[in-house]
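According to Swiss-Prot, the active site, tele-AMP-histidine intermediate annotation covers HIS318. Per Swiss-Prot, the feature ATP binding site maps to GLN102, HIS292, MET293, GLY294, ASP295, GLN296.
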Amino acid sequence: MSLIEIDGSYGEGGGQILRTAVGMSALTGEPVRIYNIRANRPRPGLSHQHLHAVKAVAEICDAECEGLEIGSTEIVFEPGKVKGGEYEVDIGTAGSVTLLLQAVKLAAIAADGPVEMEVRGGTDVKWSPPVDYEINVNAHYLDRLGYRYELEVLRRGHYPRGGGIVRARMEPPKRLKPLEAVKFGELESVRGISHCVRLPPHVAERQAKAASEIIERELGIRPEIEIETYPKGRDPHLGPGSGIVLWAEDDQGNRIGADALGEKGKPAEVVGREAAEQLVQRLRTGMALDEHMGDQILPFLAIADGESVFGVTGVDPHLPTNAWVVEKFLPVSVEIRGKEGEPATVEVRPEG
C-alpha cells in the first residue's frame, strides 16, 4: 500500500496541516502518513484538540489509524468510505469546535448522505474562527460553491472551561462551483453579533457601541450589531466570556469578517474597537476575502468544477501551507501572487 507522505513541520507547521491532510485523505480515499507533527511547537505532537479532530474524521469514514495518542508526532490514516449519519464528539476541553469542523466538513463532501454532528468544546476561543464567523462568513462562501453547511449554537464555550455545544449539518454536494471573487465591490452593509455570557449585559453593549462608532466614522455606514446576553439565573453557560464578530458585505455577495475576544482585564471598548479596526483595515485592501477565509476555502476550490481566482486581504501563513498539502492529494496547481502578510490574488486550477 502506498501512502501519501506529509511532513507536519512544513511551512506554518501547526495543526492546520494535520486537519487538511486528514480531511483530504477521507475525501480522496488516499491513505496518508503525517510525521513531524507540530515538531516546532513548544509541546510537539498531537494535542487533545488535534486528537479529537482526527478521531472525528476517522469515525465518519471508518478509518484505520496508527499513532493516535496525545504527544504523538506521527500518524497513519487509512480511510474507508465516508458515511452520512448522526455523530457526537466531545472535545472535553475548550478545544475549538470550528477547527475540528474544518477537517470534518472537507471529508463530508464524499459522504453518501448528510452528515450531522454535535460537537462539544470551545465556540469562542483564541487562535480559531469564532462560531459566528463560521456561520456568517465561512458557511456563506461554501453555500456559494454549492455546499450546504449549517450550524446551530446550543451553548457557547469559552476558555478555560469550554462546554459549548454546536450542531452541524453538512449536505454533500453533487459538484462544487468555482469561485471568482477578486475585488470587494461597493459596501452594502456591516453586520455583527456582540455577546457575553456569565457577565453583565453592558459588556456586550459596550463592545457593540465601540465597534459601531469606528465603523460609522471610518466607513460612513451604520452597522447592525445584534446584542446577545443572558439574564442572571437563566444563563446555561459555564463562562464567563465575551466576544464580537463583524462582517461587511458588498453588492456582489462577498463578505469580509473580523473578530475580537474579551479577556480578563481587557475593557469591552477595547474588544469592540479591535474588531472594528481590523475590519476597516481589511476593507481598505480592496480584496474580496479576508486572510482567514482565503486559506479555509482553498481545499474546496481544489475539487471545484473549473478554475477559481480570488483576492485575499493578506496572505496568512496557513495559505501556502494548505496549498502544499492539497497539491499532495490532487492534480491541482495553486498560484499565490503576493507576499506573506500582504494582499494577494490566488489562482486555483484543478487539472483532473
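Glycine too: its Cβ is placed from the backbone N, Cα and C atoms.
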Residues within 8 Å of the GLN102, HIS292, MET293, GLY294, ASP295, GLN296 Cβ centre (excluding the ATP site residues themselves): PRO129, ASN138, GLU291, ILE297, LEU298, ASP316, HIS318, LEU319
Distant-in-sequence Cβ neighbours of MET293 (ATP binding site), under 8 Å, six or more positions away: VAL137, ASN138, TYR141, ARG255, ILE256, GLY257, VAL312
Least buried by Cβ count (within 10 Å) of the binding-site residues GLN102, GLN296: GLN102
Protein Cβ atoms within 10 Å of GLY294 (ATP binding site), excluding its own: 24
Lowest local Cβ density among HIS292, HIS318, which the record lists as recorded positions, within 10 Å: HIS318
Alpha-carbon spacing, GLY294 (ATP binding site) to HIS318 (active site, tele-AMP-histidine intermediate), which is rounded to whole Å: 9
Distance [Cα-Cα, Å, rounded] between HIS292 (ATP binding site) and the residue listed as 'active site, tele-AMP-histidine intermediate': 8
Local Cβ density at ASP295 (ATP binding site) - other Cβ atoms counted within 10 Å: 24
HIS318 (active site, tele-AMP-histidine intermediate) versus GLN102 (ATP binding site) - Cα distance in angstrom: 13
Between HIS318 (active site, tele-AMP-histidine intermediate) and ASP295 (ATP binding site): CA-CA distance (Å): 6
